[in-house]
Amino acid sequence: MDEKEVNFLPKPKMPKVGCFRAICDLIPARLVLYFLSWSGFLVSFVMRNDINFALVAMVQDPSSNATGTDHCNTMPTLEEGDDYNYTMSMANGTTTVLLDGLASIDDIKFDWDSTVQAVIKSSFYWCYVLSQVVGGVATQYFGTKNVFGWSQFLTAACSLLIPHAADLHYGAVILLRSVQGFASGLTWPAMYAIVGYWIPPVERSRFMSSFQGFSIGIGLTYPLCGFIIAHFGWRQVFYTTGTIGMVWCVFWYLLAYNTPQEHPRITPEELEYIELNVSEDIKNGQGMRVPWRRIFTSMPVWAIGLTTFGRIWVHYTFIMSGPEYMQKIFCFDIQQNGLLSGAPFLCSYLSSVLFCYVADLLMDHKTLTLTNVRKLFTALSQIVPGVLVLLVGYLGYQIVTVLILWFVAVTFITASYAGAMANIVDIAPNLAGPVLAFAQTIHMTASFLQPLVTGFMVTDSQNINQWLHVFGVSSVVAISTYLIYQVFGTAEIQSWNYPVPDPEVTSSDDSAVIANQPMIKVEPGLKFDDDDDDDDD
């Protein structure tokens, strides 16, 4: 074809960029991923904690029924001629109380004792602990988009089924909560994995704050549940949280992608920026076999796991036992209970950002070494709440003082994210995912042990002396586990972090799981140099 013929060919038309696409291009794909992560953890924790509050309305207090000594006197006084005062016993062990303005099915009270309630609360975390390592393996083979998305979908589906399961038997509720726990346990390793591909190192501290969406989730759950129960009944709590989870899944599947290269709407400029700043970091960690034996025998890793066990214990004392304590001891109505139980967690998101900022300042000004910074903020997250939770028990019915201490204790717990939780990346930046999975397997056992211990201790939920024992145990656990971190904690990078042959790690000790990263497909013809010195990237 000669030059003249070429000149007569029609020129290709450039696609017109619509107004909507132009606006979308102004929003970085990394920012979208940030809000998907933030909202994902928020929704996950809403579905995780809804039953902690709903049980207050679902269960008839056996102690008040048997003795008639309910000091809160929560049952309303009905005038003569009211048509709503009606009680009946049902074959499945429930008691139905019909009150003005509520349908009978929304007022079913289940005759579940403290042990059954404790098992229901803790059942979520049995499989949650077991699924941590599974989450890392699944993400390796299926990618964050599938693992995180399907785990949220399954959790939401179980939430929608809980009201029907409760009518059948409390065992059905325990089964659904166990399934929810296994699914939710996949989310943390999955989201940790995607960070390496998407977020340059200089932005990772800011991106990790998206994980704190769970604090907002906890804080919103209780007032939301209180409002729904007061106006619509406890069943609507699970229908609402399950629906929110389903809607979130739609946005996740439309907007989330495992790598920037897969994203159809990312701008060339942003893609180039990510590839230039992330590729080297990924190359250093990609292909590593995880030295599980070295991780399992590392005292700094055990120090992180054990000290965080104490933090989780005292944290879940407030999360799980708080709503019941405020109703049975302080006699708050359902909406007051929701607001006061949730308010400290709403503020804990801001406090976590503040603690991380102060920690960075201490490092920037070289006021303290990194190890001492981690120990300082770990102490703030466990010693302070450990002392305050004990005072809460001793102060008894001094409501204003107790609420102030309660608020301060929950706020200080978040200092751990500038302490032991951040320490995971310090000691093993290339293996943060596997180390996180192992540490969470240790410390999340507190999430099901705490409600079980509380259930055995508190047989009469209006006996303040029994609650004092609960708070005393929480104090001892939080403070004693910190001492382990004080002795063995360090911020020095461990020798097994580096992707080099180690004679102490044999092939039988290694896992085929690649650290931190989901599997990516290698295009035909693409080669990787074995010698890093010859790599021009």
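Using the three backbone atoms N, Cα and C, a Cβ is placed for every residue, glycine included.
The transmembrane segment feature in TrEMBL is assigned to 20-43 (among others).
Annotation comment: TrEMBL describes 32-493 as domain 'Major facilitator superfamily (MFS) profile'.
What TrEMBL records for 147-166 (among others) is transmembrane segment.
Residues or ranges marked as transmembrane segment in TrEMBL: 178-199 (among others).
Annotation comment: TrEMBL describes 211-230 (among others) as transmembrane segment. Counting residues 6+ beyond its ends, the transmembrane segment (211-230) has Cβ neighbours under 8 Å at 37-46, 48-50, 52-54, 57, 191, 236-237, 240-241, 319, 323, 333-339, 341-349, 352-353, 414, 417 in the same chain.
The annotation transmembrane segment is assigned in TrEMBL to 236-255 (among others). Sequence-distant contacts of the transmembrane segment (236-255) (same chain, six or more residues past either end, CB-CB distance under 8 Å): 32, 36, 39-40, 43-44, 46-47, 50-51, 53-54, 106, 145, 148-149, 152-153, 155-160, 162-163, 221, 224-225, 228-229.
Residues or ranges marked as transmembrane segment in TrEMBL: 299-319 (among others). If you look at the transmembrane segment (299-319), the same-chain residues 6 or more away from its ends with a CB under 8 A from one of its CBs are 49, 52, 218, 344-345, 378, 381-382, 385-386, 389, 406, 409-410, 413, 416, 420-421, 423-424, 427-428, 435, 438-447, 449-451, 454, 470-471, 474-475, 477-482, 484-485, 487-490, 492, 494.
Marked as transmembrane segment by TrEMBL: 339-363 (among others).
Positions annotated as transmembrane segment by TrEMBL: 375-397 (among others).
The transmembrane segment annotation in TrEMBL covers 403-425 (among others).
Annotation source TrEMBL lists transmembrane segment at 437-458 (among others). Remote same-chain partners of the transmembrane segment (437-458), defined as residues 6 or more beyond its termini with a Cβ less than 8 Å from a stretch Cβ, comprise 114-115, 117-119, 121-126, 128-130, 132-133, 135-136, 188-189, 295-296, 301-302, 304-306, 308-313, 316-317, 320-321, 424, 466-467, 469-470, 473-474, 477.
Same-chain neighbours of the transmembrane segment (464-485): 302-304, 306-311, 313-314, 317, 321, 325, 329, 375, 378-379, 382-383, 385-387, 389-390, 392-394, 396-397, 420, 446, 450, 453-454, 457-458, counting only residues six or more beyond its ends whose CB sits under 8 Å from a CB of the stretch. Residues annotated as transmembrane segment in TrEMBL: 464-485 (among others).
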